[in-house]
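Asks: First, the structure itself, so that you have it in front of you.
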């Protein structure tokens, strides 16, 4: 990585500042929409709150944002970039060689973050639309919650429907809109706070600690379940590191944090002034003059859409990284924009839409959604903390110091987890069940890969290259193709799967001029595209190690075209002059790609559990992207050959021949 690129990553610019507002802070920036309302509702309404309760609540929010978001994520986690990419899978990539078991927190964290993504668009958009109840001209329409639901579903349908076209153009508006949003949060919060300056006492952590044991807090420690809503976007902040750079996050976070805290203080000041009024409105909207509320609702809806968009895009990135790490099924990926980082996964998009829509229909109100929201993300944060401890040790921090530091954050997050656990019975089970389903798929997929690696046998190409040469020159067999390309995910030096040689020599001898063996290796760097070639001292066997970054499309034919030209230009591969062609001067023959697909056969070596894993993985494959699509072979000549997982395990079953009796035997 060049120093110039590294400097740009750590540099803050005015444009980067604006872009960061639109990409990084959507989730945490829309938390003021519902956090204070959740606190008031769980306390029993405005009439049940006191000054001590409000001061303590705001103090808890301020110190949660400081300890968890600022110190853990902004100051520590952002240092853990994998070639300028952030997020739990990038963090796992940095430390996975330190211990095999670290894949467990990576899977749990990724699954819970993905499941949380199904709830965030639902709660943010619903909260924004419910703000129309505070607009006198529209309150009569939106007092009917069905109209809120229908409007929310319409917005979500349009949002998810537009994903296939990318967000290149409209994405440029995200930053300016969020700049206005945060400015409004800060200004309105400041104006309201000036009416009750005593709210500034909330900066003192004493009020936060006192509230946890105060009898004025009706929910005790479980109030932290609502407090945690203020920092749910911290994990997304880390995940979006690669999109905007560390320097721009460092520059923009102080502004964002101040605006958010001012908003909470302003809402708290309004609550103190109206706690005896009996008003049943969201403090966020009620704290703004009636004449401005409709504009605030429009702005809040735009902010909610931007937050949802950032989360949807983040889900695509998360899934694509899991695929590259071979812990998630392969789904079709398209790139609607010019930027490789802007991707679209149809299956994930419409699955998210279905789950999000069902969430809106099931919970109906944002209050009910808030009761279920946040449980999954506490698990994600705990898993990130575990991985961060290993990262700090890897970077030279003394193990004891790293363990103590991360234990401090783990303690805080575990308390939040316990406080949020009560949400399980109030709808939190929805995201937990979804997360468990995702974990199940990840475990099956990863375990299946491990089982195949355990049982598949490898053979040396050097031991068979003489046979391959004889086959190439054996005119008794028709030419199968000029170039035959075998795609394999297991190749080490001259060792390849036995099933590949079985396909070439045994199944039906495949005569070709050149035999290619291509292994795609996913690198820790996001945008790598390099290769190594070993021809084993021949001009008819080419072993290619293709190194692609975890965010690069694995369109093998495009890369192979360049590799062929390089080899011919360097004289290592003979030119394949074509007598019949519509392309004058064509020097490359035709290609056929062969993919070997292992299937579970009757195999005594496989345990019952291993057989279950392999059969389940085979079932999952029915809804995943085919190897043809994944490797970009839709427009190439390609063949999928099915072979038993264990070629050596075609067992001789006990069976006896019934012989005809001779005359002597009959006598």
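Cβ from N, Cα, C; glycine included.
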Asks: Choose the correct range: of 189-209, 315-335, 399-419, which one does Swiss-Prot annotate as transmembrane segment? Give that range.
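Replies: Per Swiss-Prot, the stretch marked transmembrane segment is 399-419.
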Asks: Look up transmembrane segment in Swiss-Prot and report which of 79-99, 373-393, 457-477 it refers to.
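Replies: Result: 373-393 is the stretch Swiss-Prot calls transmembrane segment.
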Asks: May I ask you to indicate which of 125-145, 167-187 is given in Swiss-Prot as transmembrane segment?
Replies: 167-187
Asks: At a C-beta cut-off of under 8 Å, are there same-chain residues at least 6 beyond the transmembrane segment (58-78) that contact it? List them, or none.
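Replies: Counting only partners 6 or more residues beyond its ends, the transmembrane segment (58-78) has Cβ contacts under 8 Å with 28, 35, 86, 91, 199, 202-208, 211-212, 223-224, 227-228, 230-231, 234-235, 237-238, 241, 246, 249-250, 253, 257, 260-261, 264-265, 268, 381, 384-385, 388, 392, 409, 412-413.
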Asks: Taking residues 6+ outside the transmembrane segment (373-393), which of them lie with a CB under 8 Å of any CB in it?
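Replies: Non-local partners: 68, 72, 76-77, 80, 88, 91-92, 94-95, 98-99, 102, 105-106, 108-110, 112-113, 115-116, 119-120, 123, 225, 228-229, 232, 234-235, 238, 399, 401-403, 405-406, 409-410, 413-414, 416-417, 420-421, 423-424, 428, 431-432, 435.
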Asks: Report, as numbers and ranges, every residue of the chain located at least six residues beyond the transmembrane segment (16-36) whose Cβ falls under 8 Å of a Cβ in that stretch; write 'none' if there are none.
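Replies: Beyond its ends, the transmembrane segment (16-36) has Cβ neighbours at 57, 61, 69, 120, 123-124, 127-128, 131, 171, 173-179, 181-182, 185, 226-227, 229-234, 236-237, 240, 243-245, 247-249, 251-252, 256, 260, 263-264, 267-268, 271, 282-284, 300, 303-304, 306-311, 366, 370.
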Asks: For the transmembrane segment (431-451), what are the same-chain contacts with Cβ under 8 Å, counting residues 6+ beyond its ends?
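Replies: Same-chain residues near the transmembrane segment (431-451) but 6 or more away: 103, 107-108, 110-112, 114-116, 118-119, 322, 326-329, 355, 372, 375-376, 379, 424, 606, 610, 613-614, 616-617, 620.
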Asks: Short question: most Cβ pairs under 8 Å with the transmembrane segment (399-419), which of 101-121, 146-166, 221-241, 253-273?
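Replies: Ranking 101-121, 146-166, 221-241, 253-273 by Cβ pairs under 8 Å to the transmembrane segment (399-419) puts 221-241 first.
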Asks: What stretch of 146-166, 253-273, 294-314, 343-363 shows the most Cβ pairs under 8 Å to the transmembrane segment (221-241)?
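Replies: Per the Cβ under 8 Å count, 294-314.
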Asks: Does the transmembrane segment (343-363) reach the transmembrane segment (253-273), going by 3 or more CB pairs under 8 Å (6 or more apart in sequence)?
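Replies: No, the stretches stay apart by this measure.
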